[in-house]
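To keep things clear, I will list the structure first and then write my remarks on it.
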Amino acid sequence: MLDILRSRESATVAELATQLSITEMTIRRDLEALEVQGLLKRFHGGARLAAGSSYEPPLVVRMSTRTAQKRAIAAAVADLVEDGSTVLLDGGSTGIAVAQALVGRDLMVCALSLRVAWVFEDSSTVHLLQPPGTLRRGELSVSGAETVAHLQRHHFDTYVLTASAFSRKGGFTEWNVEDAAVKRAALESAAVTVAAVDSAKFDRTAFVGVCSMDAPQVVVSDDGLSGAARASAEAVVQRLVLAPVLDD
């Protein structure tokens, strides 16, 4: 819903219900909840983005949006991870989806978020490594000098990078400065970086840079990327994988 409003600035309840294939009653309830969080303003029959809302929505909101796209991306990323390997895994809603796709695999996983670590709490096959650091409220990602130092002492086979936005000009970007610093250290600690980002984040720029578009060896997105966006991305990335999205 927020992705639609970002692309159009405003939309009617009927338009949102049609695009998201849910009832207008559900749309109104969700709009009310998002207004309480300060992410949008409702008007009679619709809603628009709140002023100054070009920041990352809370994780609880992101986890309930574009879930089919995140599952598709996660499945494609999981196919790129070899059994018996070491994996450094970012947080956020896409990172959680990737973690869910890796449950049951024979892996060593270093989780940069407690929420990602919790996905593996009952796994008998995943050896979990939790780095030290300062917890970011809400996200429960770890960051700070201790986290960076921990990453610098280790070497991983694969780093799964998630990001708030990505574009040819800005590369992969984040809203949080501390998280971005951890991601840059993670890039240096892995043999291969796989970026996992949904198509709604393309051609956007967040607050602080992480890396250029061609830094990851593989970029995995969903097949909602337009033809023009795909051509733009393919011109700069090393390898682009577009995962087919199945309806919920």
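Heads up, the Cβ atoms here are built off N, Cα and C, so glycines get one too.
As recorded in TrEMBL, the features of this protein are as follows:
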type: DOMAIN; residues: 1-49; note: domain 'HTH deoR-type'
**OP:** With DSSP as the reference, give the number of residues of the domain 'HTH deoR-type' (1-49) in helix, strand and coil.
**Re:** 28 helix, 11 strand, 10 coil
Original post:
Mean pLDDT, the domain 'HTH deoR-type' (1-49)?
Top reply: 82
